[in-house]
Amino acid sequence: MVATLLRLRLRLLLHTLRREGWRIVLLVVGLLWALASSPSVLGGMVWLSRQPVEVVHDVLVLVGTVLVLGWAVVPLLVPGLDDSLDIGRFATFGLRARRLVPGLLVAALLGVPTLVTFLGSAAPALAWLGPGRELGVLPAVLALALAPVAGLTCVLASRLSTGLAARVLGSRRSREISAVGGVLVAGFAVPVVVGVAALGLEGALERVPAVAAVLGWTPLGAVWAAPAALADGEVLGALGRVVVAVGTVVLAARAWAVLLDRALVSPPARGGQSRRRRDVVLGREGLGLPAVARPALAVTRRALRYWTADPRYLSALLGSVAAPLIIVVLAGTVIDAPAAVALSIAPLMGGTIGWGRHNDVAFDGTALWMHVVAGVPGWADRAGRTLATLAWSVPVVVGVAVVGSMVAGRVDLLPASLGAGLGVLCGGLAVSAVASGALIYPVPAAGANPYAAQMGAVGASLVAQLVTSVATLALCVPVLVAFGAAMWWEPAMAWVTLGVGVLGGALVLGAGVAQGGRVYDARSVRLLARLSR
Amino acid sequence: MVSIPDPDPAPALSMRGLVKRFGATVAVAGLDLDIPAGSFYGVVGPNGAGKTTTLSMATGLLVPDEGSVLVHGVDVWGRPRGAAASLLGVLPDGLRLFDRLTGAELISYAGMLRGMDREVVAERRDDLLQALDLVGAGSTLVADYSAGMTKKVALACALVHAPRLLVLDEPFEAVDPVSAGAIRGILQRFVEAGGTVVLSSHVMALVERLCDHVAVVAGGRVLAAGTVDEVRGGQDLEERFVGLLGGGLEHAELTWLRPSSG
């Protein structure tokens, strides 16, 4: 079975490479990047080999924990990275997931990130070859032996997180669950930001040994801590951590098999039936709108329903809200300017939310025919989608700006954070309103795993993402300049930032909707043809 | 869905010189067809004949490479786009719906997208759910519908704005006999009230029973078109169809296909 799955994965890989030249470029760039970064990894390990055991332990455990967490979290924030074989395709063969798991894990090795992680996991062996280690080369040998365990921990972490998330978001109760998830993320991120801000960087660094000692016994860090225990001469401690590390992989593989078994017999698209009496599209009232405005209202109400009911929108929502928080937490530990970092959450989040809509039409899939056949004018289509995003993102950005300025202890700069957040949000949405009528690329179909990688058109998606990022940044230069001036030069500029952000943002957004509408009008039928492929 | 009888002798749908190529394949090769107003028109043809491609170009869903389409004299592909939208009700085949909406919401959505008044939409939505036996399913998500129910709710979306011309691609596929009877009744009353229906199918018996006109399409061209009696010329429609396509295929026999114990 392992050989069969490995051959299948290899064949699929070769076919996609043959069909898409862009993938080869990506593959080569990825490999070059991995090769280019290997001297720094090896150099780091050589440097560590001259450090005392405690330092090496703390560094490796912390970096290793971040690596495992990264494998679990990044695929949730950036949908389209999970390129594992789709388990649903095996449903008709009557196989148990347990027979598939080993093969799927080995097949996962045929990817640059996995390969690099597995090889990189062996690097710590170098750090254990230095002077002052007990038991001679044994710690290094153990580190080498645990490298595959570390790699498997990473791969399984990503499979479990995307599998669970797809399951949760696909259930019909996803709205409640995702609300809880959002609260948990915020509840986790905010104390960390506040804590780091309160302790200061040095204070936080002083806590590192204690944190690393605890992490070294958890599933996240045990695999990195075991050789350290051996280098200290603690054979039992090393054994204990090996048991934790191996047990983690065994349990995670079992958990993944259970998840896959569920996916085999009940695809996520078929959750329990939910009933809804109220017609949210029609609404309680028509708002007294004239006929020309009704299509936009319909699109807004439909899109709002999708924001709460479609796993792909929910994962985009969680990603666009969580990614800035995580970036800020990571930046807060590295950059020693907590106030600036905390104030920047709002514009960052405005950017991820607004820019994140640049492929919105692709999420409709061929259902777009309803808009085409009804002759919905482009401006109404654009305005409807934009208003639905604004309806939830404006309160979120305002809230984040308020909390951010309070954490930073610079309430006087709240107008700046607010203006930058709303301005960047509007700029991103303006670019999205134009781009989603012109540059679309494939996304998972409605009801499919929202995290699955999409075959075809890597080139198109790279071009679309690059063009929209650059355009968003260019549009946001004025408000970002004002924001920077308020933070580092003249606090009174905060009110200018607010003015530029809100008024300029509204103006740019209006122009984006109008221009996007013209682009859509000229191309809607061709968009539909692209979506049908 | 009452429409004023059409005194206009011009065809409800007129296609001239339609051509569509997909790469090297020519799906529709210079197709001409006039659908008289007030007719119940069946388009039949083998798999891959170009039926869906033709109907997509006729309804503004696919840009023709060449040719023109007029709906009651309005150019579907002229400027401004969408001038023919209010005249047309469309049921495409093989395209998705916004399936995270409930059936009732989807019908409302189709109505609102056309700028209809809220009260009118609400009333027609309830009538359509009733007529298509979807009242119970009106409050569940379209994602949870069976294939037949999906077809029915899509048909309701095509009807909600009371168009003058209905273009339906395989409207009876996967629909149970009881619902099919209800749909036939709705379509027949629509034609009696002066509307025009074009439907595609590969079930000859159904077209023979339901339609007054028929066109046989194969290889992206019209092989024969006219009233059902003219086209079949005294024969069974199915015999005539097979005759037009140049006889039956040589059937290779699967001698091994019998229940085995292994």
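In case you wondered, yes, glycine gets a Cβ from its N, Cα and C as well.
Automatic, uncurated: that is what TrEMBL annotation is.
These come from TrEMBL:
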type	residues	note
TRANSMEM	A:59-79	transmembrane segment
TRANSMEM	A:100-129	transmembrane segment
TRANSMEM	A:135-157	transmembrane segment
TRANSMEM	A:177-201	transmembrane segment
TRANSMEM	A:207-226	transmembrane segment
TRANSMEM	A:238-259	transmembrane segment
TRANSMEM	A:313-332	transmembrane segment
TRANSMEM	A:387-408	transmembrane segment
TRANSMEM	A:420-441	transmembrane segment
TRANSMEM	A:462-486	transmembrane segment
TRANSMEM	A:492-514	transmembrane segment
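Only sequence-distant pairs (6 or more apart) were considered; of these, fewer than three Cβ pairs between the transmembrane segment (A:313-332) and the transmembrane segment (A:420-441) are under 8 A, so the stretches are not in contact. Among the recorded stretches A:100-129, A:135-157, A:238-259, A:387-408, A:492-514, the one sharing the largest number of Cβ pairs closer than 8 Å with the transmembrane segment (A:59-79) is A:135-157. Across A:100-129, A:135-157, A:492-514, stretch A:135-157 shows the highest tally of CB pairs under 8 A with the transmembrane segment (A:238-259). Tertiary proximity for the transmembrane segment (A:100-129) is limited to same-chain residues at least six positions away from its ends with a CB under 8 Å from its CB atoms, namely 1-6, 8-10, 13, 27, 30-31, 34, 41-42, 45-46, 48-49, 56, 60, 67, 71, 83-85, 87, 90, 137, 139-144, 146-148, 150-152, 154-156, 159, 224, 227, 231, 253, 256-257, 260.
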